[in-house]
Amino acid sequence: MNQIVPASKRPSTELVAPETQDYVTMFIDGQMFGIAVLTVQDVLGPQKITRIPLAPREVAGSLNLRGRIVTAIDVRLRLGLKRADEDNKGMSVVVEQGGELYSLMVDQVGEVLSLPVAKFERNPPTLDPMWREFSAGIYRLDDKLLVVLDVAKLLDFNKSE
Amino acid sequence: MDDLLSEFLTETSESLSVLDVELVKLEQNPEPAILQNIFRLVHTIKGTCGFLGLPRLEHVAHAGENVLGKFRDGELEVTPSAVTLILQAIDRIKLILGHLEQNECEPEGSDEDLIASLNDMAEGRYVAPGAAGAAPAVEEPSFPVAADLLAEVEAAYAAGKRAASDTDVFAEMAKERAKEEAAKAAAAAPAAAPPPPPEPPKASVPAVPPSPPAQTKEVVPAGTAPAAESAVAAQTIRVNVELLENLMTLVSELVLTRNQLLQMVRGRDDSEFTAPLQRLSHITTDLQEGVMKTRMQPIGNAWAKLPRIVRDLSVEMSKKIDLQMLGAETELDRQVLELIKDPLTHMVRNSADHGLEGPEERKAAGKPEVGKVVLNAFHEGGHIIIEISDDGRGLNLDRIKQKAISNNLATESELESMAPQQIYQFIFKAGFSTAEKVTSVSGRGVGMDVVRTNIEKIGGTVELKSYPGKGSTFVIKIPLTLAIVSALIVECAAERFAIPQISVLELVRVTNNSEHGIELINNAPVLRLRDRLLPLVSLKKLLRLSNGEDQETFIVVTQVGTYTFGIIVDRVFDTEEIVVKPVAPILRHISMFSGNTILGDGSVIMILDPNGIAGATGESGVLGGGQTTEQTVTRDKGNDSKTSLLVFRACGDDLKAVPLALVARLEEIDIKDVEYSHGKPMVQYRGHLMPLVSIDGTTQFREEGRQPVLVFSDREHTMGLAVDEIVDIVEDRLKVELTADNPGVIGTAVIAGKATTIIDAGYYLPQAFGDWFGRNDKEYGEDEGSQPRILLVDDSPFFRNLLVPLLSVAGYDVTAVEAADRALALREQSYEFDIIISDIEMPGMSGFEFATAVRADGRWFNTPMIALSSHATEKDFERGRQVGFNDYVAKFDRDSLLQTIASTLATLKGAA
């Protein structure tokens with residue numbers, strides 16, 4: 001993530017671009033993902049998580065965030081990737097969906113990027129159908145691609161199962 | 001003052017102040033929405049007056065409503081003079097209300113003048129100036145003044161001084177109203193002294209100089225406010241229930257935090273925190289009590305309907321019944337009250353119907369002719385006790401014995417050894433009714449089990465005592481509130497869980513060398529406990545927690561209904577007060593948990609649901625809900641005989657199975673032959689294209705080699721389900737023990753001694769074909785099952801539990817949801833139903849709104865709808881028909897519901 005130049009350090013022309021969207025970036029398995037910054041309520045470090053037996057395997061458990069119960073979702077498993085290594089504690093991004101809080105567990109959370117809307121592109125057709133479901137679109141950054149996660153679809157366990 | 005009357009006064013003064021504002025708005029901007037609101041408000045006032053027996057108010061409101069009705073229908077134009085007249089009517093209503101509040105009766109006098117004007121207006125022959133001037137009657141102090149003023153205004157209009165703009169009209173109006181108010185105020189003082197001397201009409205007018213237009217803004221609120229605020233209305237305010245619930249939650253959290261703090265300080269003797277903590281503790285307790293009180297309602301509210309029901313029953317059954325209600329003022333939590341309402345009604349019905357004998361029989365038995373049903377409610381140690389007793393014939397022991405034997409609930413020899421009081425408990429089992437004849441009100445055997453389930457759902461218990469010839473008594477014990485429960489914290493495989501204390505009977509510690517040891521009967525663990533054999537369930541196995549070494553040493557003896565069983569856990573901690581919070585929507589399908597909570601130490605913990613656990617262990621007879629699921633499953637899969645099952649692995653190591661009869665062939669496909677079209681994998685198979693589907697919906701197959709595939713065939717279409725490995729074909733009883741809500745999975749069954757997921761092949765077929773061959777779900781559904789599908793929308797769990805088994809037994813495939821928006825969500829998910837049955841009175845979206853939404857657009861707009869309501873008046877029927885219901889059935893009328901469904905479906909078929 002060090003290669004990414006935060007918005008503030010970019011040349012001024014880009015900074016004053018009229019239409020920009022801010023994204024919280026995060027990494028899973030080396031891939032960069034983004035979530036619109038306004039939907040993010042919290043960024044958490046490793047947490048004590050209570051396992052929930054019989055839950056779908058993507059549900060890592062639940063945790064207590066300032067007196068509210070938050071359901072933790074392992075985004076890796078949700079995207080069809082392998083479970084993270086034991087030693088990788090990971091970080092979480094907390095979002096609200098339908099009045100409930102969910103904590104999206106990722107490998108790492110990066111900076112907030114301000115990206116010009118003009119650079120937003122639709123999903124390439126070659127994208128894995130599972131990813132296509134959860135991706136709202138792609139940003140072409142200088143050195144890598146950022147997949148914008150569709151949080152609503154990511155948390156809709158009824159449709160995709 | 002009478003509760004009803006004071007409530008009416010509060011409500012009406014609120015409505016009236018809204019009306020004032022709305023009417024002025026209407027005059028400026030005659031929009032149908034505003035008019036509708038006004039009409040509704042006046043209509044409500046009229047309706048309530050009629051109900052309370054206030055004829056004078058009712059007549060005025062009625063005449064006003066007539067005029068408004070004409071406005072609404074476009075027959076009359078909304079003119080300032082018309083609005084003035086309506087405002088006058090409203091002022092008259094306020095005047096009468098004022099008197100009503102002081103004296104609890106309507107004032108003497110007549111409103112014929114005003115009503116005549118209103119009627120003239122309604123009929124379009126209202127001539128303001130002359131008529132109004134002539135009208136003044138002497139009885140009403142305020143009216144002549146107003147009428148005079150009206151005449152003035154009208155005359156001004158007639159003289160061509162018609163207000164040029166809305167503002168002017170407004171100003172004019174305000175002026176007039178200000179005068180009126182002032183006149184009334186002036187009139188009110190002498191009027192207070194009885195008998196009120198007639199006020200000379202003109203007398204007060206000079207005292208009120210016409211306010212200049214500049215003051216309009218101040219005058220309007222000043223004019224409306226004093227009249228609206230009556231003393232009764234000022235004593236109470238209406239608060240949104242949601243706000244109270246929120247407050248309650250916050251207070252509950254506060255109590256828990258306090259408890260935590262107290263626990264921390266308890267160990268130290270001389271802590272500086274002790275004193276402030278004590279104070280905090282007191283305040284918290286007071287606060288909790290205060291907030292609790294806001295949610296409390298007298299239980300009499302739940303009883304209000306009973307006298308009528310009993311009266312109707314007594315007429316129908318030709319019995320003489322005396323219903324006594326004691327302790328109606330006993331208060332309990334609103335939420336509990338709602339939940340207890342329906343079971344109570346049911347039980348009173350039962351007592352009156354089954355319990356009491358006819359007059360002849362009573363006389364013969366030497367009892368008074370009039371049978372007694374007594375309801376008694378009182379507090380006892382943090383619980384509410386409700387007793388329902390009758391002095392009837394008592395339960396018929398022999399009939400219950402016979403029924404228990406015929407229903408295979410017990411053998412004759414078992415019954416021999418049971419005490420009568422024990423045998424009576426059988427009436428709480430499903431499908432039990434001892435009534436010799438089924439009457440329109442009870443006796444169908446869908447009753448006491450539902451009652452028990454509902455009471456237990458809110459953490460209550462129900463007991464029964466009966467004495468032959470002397471009568472029966474039911475004792476219901478329910479907690480005061482649902483907000484905080486006491487729970488036992490246990491540990492299993494290093495995870496902690498909470499078990500609600502109310503269902504825990506005792507704790508037993510087992511060791512291998514003590515007298516209590518776990519014994520196995522064909523791998524099923526049991527415990528000998530005081531000459532009884534207690535079935536056990538291992539929490540570790542039930543929740544599929546990792547199998548560590550067996551250190552299970554505690555058994556939590558749990559009772560659900562009459563079913564007692566033991567839950568094996570590793571450790572038992574102490575009990576803790578917890579606030580039950582609902583689990584996240586994606587976890588709601590797990591029936592083992594009733595909620596989750598945050599413990600004192602800040603960690604999240606799941607709350608086990610003893611009902612769900614009992615259901616999972618197979619004892620579903622005690623459960624309303626569990627029973628229906630099982631019925632559906634067995635009906636789908638035929639009887640309990642052995643089925644050939646194909647066991648395989650796919651997407652994970654766990655075993656999965658499908659009934660072999662559904663599988664057409666087993667194939668291995670060379671991965672090189674898999675082609676992609678439309679992004680979907682398929683193979684050429686026997687001259688046709690066969691789509692491939694995998695269990696989890698992904699399209700990842702093996703890299704190379706051969707892919708095992710289960711081929712399903714449905715008419716001319718075939719589909720391949722890609723699996724990792726075919727394990728075995730076994731013949732076993734297909735008994736689905738854990739039902740899953742995941743689509744594509746029927747549930748989990750024990751097959752050849754291993755927990756196996758049963759795959760719903762029916763789910764994958766349309767996945768492969770739905771958008772491929774243009775076969776829509778509907779067509780598919782009709783192939784699959786010939787049962788008509790019913791969607792039941794009702795907010796009351798009691799009715800859902802009552803109707804779902806009833807309709808299932810009648811051969812329908814029933815889906816029940818608790819709210820209209822849930823039903824609409826099903827529509828979004830492309831569910832199809834043959835018929836929709838909806839309740840009318842529901843929180844949130846009402847049945848009428850729901851019907852309008854269904855009829856508005858979407859795929860259900862043709863689906864027949866039946867309204868279900870406790871208000872079955874002609875007007876409701878009409879409204880129901882208008883918004884799109886095909887039929888309307890009274891809520892308690894099961895026969896006519898079934899008939900209506902059948903005839904509606906028949907019409908549908910005929911039309912198709």
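Glycine is treated like the rest: Cβ placed from N, Cα and C.
Residues annotated as compositional bias 'Pro residues' in TrEMBL: B:192-213.
The domain 'HPt' annotation in TrEMBL covers B:1-100. Secondary structure of the domain 'HPt' (B:1-100) per DSSP (helix as H, G, I; strand as E, B; remaining residues coil): 86 helix, 0 strand, 14 coil.
The domain 'Histidine kinase' annotation in TrEMBL covers B:232-482.
Summarising the annotation, TrEMBL assigns domain 'CheW-like' to B:484-619 (among others).
The domain 'CheW-like' annotation in TrEMBL covers B:642-770 (among others).
Positions annotated as domain 'Response regulatory' by TrEMBL: B:789-906.
In this view, B:His43 (phosphohistidine) is surrounded by 16 other Cβ atoms within 10 Å of its Cβ, with every protein chain counted. As annotated by TrEMBL, phosphohistidine applies to B:His43.
All protein chains shown were included, and the count of other CB atoms within 10 Å of the CB of B:Asp839 (4-aspartylphosphate) stands at 23. A strand conformation is recorded for B:Asp839 (4-aspartylphosphate) in the three-state DSSP classification. For B:Asp839, the entry in TrEMBL reads 4-aspartylphosphate.
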Could you give the Cα-Cα distance between B:His43 (phosphohistidine) and B:Asp839 (4-aspartylphosphate), in whole Å?
-> 23
State the mean pLDDT for the domain 'HPt' (B:1-100).
-> 79
